[in-house]
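**Q** For reference, the structure I am asking about is given below.
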Amino acid sequence: MAIREILVAPDPRLRQVSRPVEKVDDSLRALMDDMLETMYAAPGIGLAAIQVGVPLRVIVMDISGEADARQPRCFVNPEILDPSEETAVYEEGCLSVPDYYDEVERPARCRIRYLDYDGEEKIEDAEGLLATCIQHEMDHLNGVLFIDHLSRLKRDRILRRLKKEQRLAAAS
Ligand code: K1U
Ligand code: ZN
């Protein structure tokens with residue numbers, strides 16, 4: 001297993017639409033293992049493959065909040081079904097938008113259809129943090145960042161700050 005580099009906005013690779021996985025095999029499981037290790041090290045509660053530069057429809061997640069009782073989860077080719085009319089607001093962060101958190105409103109509940117780590121099809125009802133996190137990660141698979149849900153003023157300010165930090169880091 002290996003910790004991979006996480007892409008930071010405004011890296012244009014984060015704007016790609018990821019392609020479906022054809023087969024859940026050992027090489028995909030190696031990618032998911034690396035993604036989990038990268039997510040735990042960051043630390044974060046979710047990660048989409050495109051955040052480590054791989055444009056495949058793969059998400060890993062652990063929303064347990066338990067460092068000594070991890071509950072890693074993998075979602076391959078996930079689909080969101082039946083998003084609720086009712087919405088919920090959650091203060092989101094993103095490993096590709098470091099050091100910024102803001103409130104985003106999304107459907108409060110949804111159903112998720114996906115393949116798991118072993119390639120088994122699953123259907124699951126999601127609410128609370130699971131619903132928020134899966135929708136945030138699904139956005140990544142479609143080239144969308146959580147800052148796209150904010151005002152243009154806020155988004156431009158964040159992107160300016162990130163560009164400046166990257167300029168300074170490259171110069172040092
Ligand atoms: O970049 C990502 O997609 C990961 C992101 C997931 C997420 C967080 C909050 C709402 C929706 C989606 C993160 O994990 S940001 C870091 C974070 O939330 C966290 C870090 C350490 C402990 C607890 C939470
Ligand atoms: Zn994110």
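Using the three backbone atoms N, Cα and C, a Cβ is placed for every residue, glycine included.
Copying in the features that TrEMBL gives for the protein in this structure:
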ACT_SITE  Glu137  active site
BINDING   Cys94, His136, His140  Fe cation binding site
**Q** Pop the Cα-Cα gap between the residue listed as 'active site' and Cys94 (Fe cation binding site) into the table, whole Å please.
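**A** One finds 9 Å between the Cα atoms of these residues.
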**Q** Indicate whether His140 (Fe cation binding site) is helix, strand or coil by DSSP.
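**A** It is helical.
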**Q** Helix, strand or coil at Cys94 (Fe cation binding site), per DSSP?
**A** strand
**Q** What is the number of other Cβ atoms found within 10 Å of the Cβ of the residue listed as 'active site'?
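**A** If we count other Cβ atoms within 10 Å of the residue listed as 'active site', we arrive at 23.
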**Q** Validating a neighbour-count step here. Other CB atoms within 10 A of the CB of Cys94 (Fe cation binding site): how many?
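**A** So the number of other Cβ atoms within 10 Å of Cys94 (Fe cation binding site) is 24.
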**Q** Excluding Cys94, His136, His140 themselves, which residues in that chain have a Cβ inside 8 Å of the centre of the Cβ atoms defining the Fe cation site?
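**A** So the additional residues around the site are Gly46, Ala48, Gln51, Glu92, Leu95, Ser96, Glu137, Asp139, Leu145, Phe146.
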**Q** If you skip the near sequence neighbours and keep only those at least six away, which residues in the chain come within under 8 angstroms of His140 (Fe cation binding site), Cβ to Cβ?
**A** Leu14, Ser18, Ala48, Ile50, Gln51, Ile59, Ser96
**Q** Tell me, how many other CB atoms lie within 10 A of the CB of His136 (Fe cation binding site), whichever protein chain they belong to?
**A** 24
